[in-house]
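So the structure is just underneath, and the comments pick up after that.
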Amino acid sequence: MNFVKYQGTGNDFILIDDRDTPDRAAAFPVADQPFVEKLCHRRFGIGADGLILLQNDPDYDFKMIYFNADGAEGSMCGNGGRCIVRFAHDLGLFTAETRFLAVDGEHKAAVSENDISLGMSDVSGIEERNGLTFLNTGSPHVVRFVDDLESLDVVAEGQAIRYSDAFQPGGTNVNFVQVIGSDTLFVRTYERGVEDETYSCGTGVTAAALVAHHQLNMSSPVSIQTLGGNLKVSFEAQVDGSFSDVHLIGPAKRVFAGTITI
Ligand SMILES: N[C@H](CCC[C@H](N)C(=O)O)C(=O)O
């Protein structure tokens, strides 16, 4: 079975072309969670934050199926979404703009030489839960502002919130955010399903930008720095507290291709 790897601001993914072939026995074993986990493992496998299948869909250019590094199917992945758009473009499935289906519904995206602009789901609003700011940008996210993000223990602090009672049974991703300019945030994310800090989280930086607008009146587009590079988030804030026209903009790059032999 062949695979390619892509990374978007250091959030890295195994991508597999799982479109219908005459022999469906060659299709990816979607229910084999230990297999996906092994492929994502950085010592026993290829190594990745997640694995994404590109499948056919009768009504869209393609369909995205996303698994976290723990092997379980995840909720929406923004950086993975940008990577699969670049992959579909590399496969010649569209020229400049695309419509595809993901776990949270339809997404539109546009490709330019350096960036992918990915349309995200509308966000219904921002809530306070047990003193923490929480929202769903396709995946569940807590957003917490801090003063010194550089020296924060993101794994320990993130885990405490991810497993706290308020977010059971599903858990949540956790973003720590430092304001570093009038329109710029530095974001570090503890990711559910990876159970570690990743270099960048697309739905997470989207959440951070929307909360920065809501709480600090930061205007669109918001620039975001992550450990793996820079992203932009643009949006329209509605009077009822919801957000529409949300876009996650940044690079996604093909890193290598290979054959799975385990
Ligand atoms: N890395 C992803 C987030 C995946 C969400 C996943 N960790 C989950 O909660 O299922 C992103 O770029 O948006």
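Cβ coordinates are placed from backbone N, Cα and C, and glycine is handled just like the others.
What TrEMBL says about a protein is an automatic prediction, not a curated fact.
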Substrate binding, same site as N11, N68, G78, N79, E191, R192, G202, T203 - TrEMBL member from N173, N175, N217:
N173
Sorry to bug you, but what's the C-alpha spacing from C77 (active site, proton donor) to R192 (substrate binding site), rounded to the closest Å?
11
Let me make sure I understand the structure: which of the active-site residues listed (C77, C201) has the fewest other Cβ atoms within 10 A of its Cβ?
C77
Using other CB atoms within 10 angstroms as the count, which residue among the binding-site residues N11, N173, T203 scores least?
N173
Taking the centroid of the Cβ atoms of N11, N68, G78, N79, N173, E191, R192, G202, T203 (substrate site), which other same-chain residues have Cβ within 8 Å of it?
D49, G50, G74, C77, G80, S139, T189, V194, T198, C201, G204
Could you state the whole-number distance in Å separating the C-alpha atoms of G78 (substrate binding site) and C201 (active site, proton acceptor)?
7
